[in-house]
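TrEMBL has this to say about the protein:
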DOMAIN    14-62  domain 'P-type ATPase N-terminal'
TRANSMEM  33-50  transmembrane segment
TRANSMEM  56-74  transmembrane segment
TRANSMEM  257-280  transmembrane segment
TRANSMEM  300-326  transmembrane segment
BINDING   374, 376, 793, 797  Mg(2+) binding site
BINDING   374, 375, 376, 474, 515, 538, 572, 652, 653, 654, 767, 773, 796, 797  ATP binding site
ACT_SITE  374  active site, 4-aspartylphosphate intermediate
DOMAIN    820-1079  domain 'P-type ATPase C-terminal'
TRANSMEM  850-870  transmembrane segment
TRANSMEM  882-903  transmembrane segment
TRANSMEM  936-957  transmembrane segment
TRANSMEM  1004-1025  transmembrane segment
TRANSMEM  1052-1073  transmembrane segment
């Protein structure tokens, strides 16, 4: 046994699916029979097994039901049982002939167990929560990136305890490790861990700094070894990931309600028909028993009526045909293929197409109201670029042309600098020329960048520098200085080596005044080779402006204007300054600094005061502008989604300044907003007050009892209740941090938070835990009647992806966990607008048209039996031929409606994106709801009335007196009516007939499906009514010669024509009046015929205050670590590392 850990041993088999091999069949069937219609058809099947009431064969229900269940089960099985496997490294040992031998083997994640010692290398993802034992770095430091956990791209450092760090990579020592770990039980607290390591008779305290969590990425560390503490669902990130739930669309829920309505309507109709049968039997049937004798088991009219009730229940079941669900599955599958095949959502650099990982949520994509997005890796690329700078009042960087588009100048050639980073790009040669001329201020500016930082340099190959930066911003700034000729080459705890324009100079490091979230700046004090003492400072402009010397006033004003330009471009800004110190002053200050550091009481406050003494009267050098590079098309995508009335909330674990900066860059926040509210209270009372104050400003009077929403809430509605939409008086934004959010999500404050946030145009929630992300999504789902979508790329986004109605995974730089837990996946955030505005809107419109038409045609088909009952003694006889009933939904009317539902477009994709406002009806579910369903029912009742009584009037007192001919006339009229309603559609972009009736986009396939179905009906008609079949199977085919005789009669075609005209009149009237009341489609069609040029975007000068997303971590910097000397390789004799060599 490698080691002992107190607790339950579990493997790393993390389940993101709700199924396994044992529970798949029962759970899948249980979920499918949650659909009320499926349960209804199962009940109907049992009824059809009773011969006394069955008027249809049992297999007419069994076969379609099995097909529906099988198609859905196969689809769910494929998505659940074919996950990708990922391979990692696991260390084990085995006893051979009484001695220990060890080797390194490769294992899958799922085989890693508690107590294993695993080896991780640079840029690998951590597979479990591990206790760091040793690493390749000095003092067993290990640098990690936690972007997948908290969204931060800055590096963090972990350190092994000294007793285990001595093992280094010696496999014999590692395999002989027999420590015992006692620790807390699994929990979801990402920033806390308590435990004890008992090893060699001593106890060692373990805390969060010793633990590397699953989902982290090893950076700038060749290798490290760790002891597995938690695996699989016990890891902290999985404790935050939430549970998988069965997602169903709002239309699914609505269909369940409508099916229940149809049951009630069906029950009422069957009851009324049974009563009619009872009355008819009492008044007439009883006296005609010589001609119409009762069956032996019928004892009275009441018993006969009871049997007739169930017979009609079976006959009228086609009001909700089983083919409805088969068709829905086919439509959803087809629309999913469109997403998978969309070339405009294919990301060529990664060879990654869009993926519809579920087929059940497509129409829900057309109804999204709230989008919850991660920031890091979702909106941004995690790439920092040195974009512009201002030095001594002169602006350097990219230029802006008059049309409002950035046109880069020619790329600067840094070949003169042998130590330049070849990946660095800059587009202003002017700055290089100034550097070469030896401009004093420019040199001092870049010297400041090369000295004032906590970056650690590594040079394994001569001239190839690798920077280990705590934040990507710092790395970008030091790299910029490196390329312009001021190369930070190495450091010790007391010196910094810089190559300045090819000359090596060593600066003595006197002090690092490290960054903190309160100070918002950092400084270094160095002694130059000329024995000058200089202080270099960089930080947020709002702070440094207060520390400048009065002589810098005019330069400060110019630099502030430049900062305005940087901020309006969404760039992350920093201000740089310096001060030359008198030697005697510094010596005096150094003593105060030492005393403050040794103080036992209020140490941090005393150190802060000492820092302020020396960080004053600074001379301004300039400012930098770093671009936190957004993914391509993010601002345009968010602008388009905003026009579609979709609200964007950013839920991130990153710090507030960075999140807000990105919000401005992405158009979530705008300078033209009336106000942006910041909620940062430390207790519930303060947070509640801030939320109420914000709500009062957005909607004056919203705190009064007379406010409609307050009046509604005072009635104490029973949960779950929905809060109506509130309209603010302007455009507002909201920023809230995770600590304040924890209070806001408690008790009554959650409604305050929701009401305030939902009135804002954009919401930024920062410093959030994964669990809080899910809680915010659940809050909106709980109290708002809307569709939510969550999009992210990291394991910290899994919980909100699972919680939202729709989860979208970005296959980004933070692993595949989010994608594997998502419903849809692609590589770029910009594809979201195509997913929603094109595929989502089309899917919603198609599904609504399909349902409207399907219910209509089946009401028209089924309710003819009701009118016929008045002429057949309510005897549960069918109007139609049995084969027509069998083929009506299966063949005759299935292809036209499928053609509509798979190919119809009211406007093409270009205009769907050009007019995002078209998306809004789906958010309010205007195209298919209970009201539209009632319209379909009334239209179906009217059509069934026409389809029965027009043929009845046509054949009345004529030579046509047989049931078979009348049946043929009715069914032909019915099929022509429902087909002609499809045919009344016209070419693309024009309004059409019924399929609400509404085919608006005709393709060759649509024509084949529609005309072909009608032609196929007549072919089948002559085949089924042929002499041969009727003579061979007289009991099955009883319409001998009917087709040949009836189709030659003028009454037949008169009936068809009159039925079509009368049934089409309401549709034509609706289509005529529609543009008068809903003119938006006509306006769009006018624009399609006479397109306007795309507006030219111009750059506006923003007057709002600057946003300074300073280039630091939100936590304490690496200053103390550097001055301690722990970053320097210890010169210790190398131990024997057995036979394994790196």
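From the backbone N, Cα and C atoms, a Cβ is placed for every residue, glycine too.
Structure coloured by features recorded in TrEMBL.
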residue : record              : Cβ within 10 Å
374     : Mg(2+) binding site : 31
376     : Mg(2+) binding site : 29
515     : ATP binding site    : 27
572     : ATP binding site    : 25
653     : ATP binding site    : 28
767     : ATP binding site    : 21
793     : Mg(2+) binding site : 32
796     : ATP binding site    : 32
797     : Mg(2+) binding site : 36
Candidate nearest residue 374 (Mg(2+) binding site) in space, where candidates are the binding-site residues 515, 572, 767, 796 and distance is Cα-Cα: 796
Long-range Cβ neighbours of the transmembrane segment (257-280) (under 8 Å; 6 or more residues past either end): 36-37, 40, 301-302, 304-306, 308-310, 312-313, 316-317, 319-320, 855, 866, 869-870, 873-876, 930, 933, 937
Shortest C-alpha distance to residue 376 (Mg(2+) binding site) - which of the binding-site residues 515, 572, 653, 796: 653
Between residue 653 (ATP binding site) and residue 797 (Mg(2+) binding site): CA-CA distance (Å): 10
Overall pLDDT for the domain 'P-type ATPase N-terminal' (14-62), taken as the rounded mean: 71
Length of the line joining the Cα atoms of residue 572 (ATP binding site) and residue 793 (Mg(2+) binding site), in Å: 23
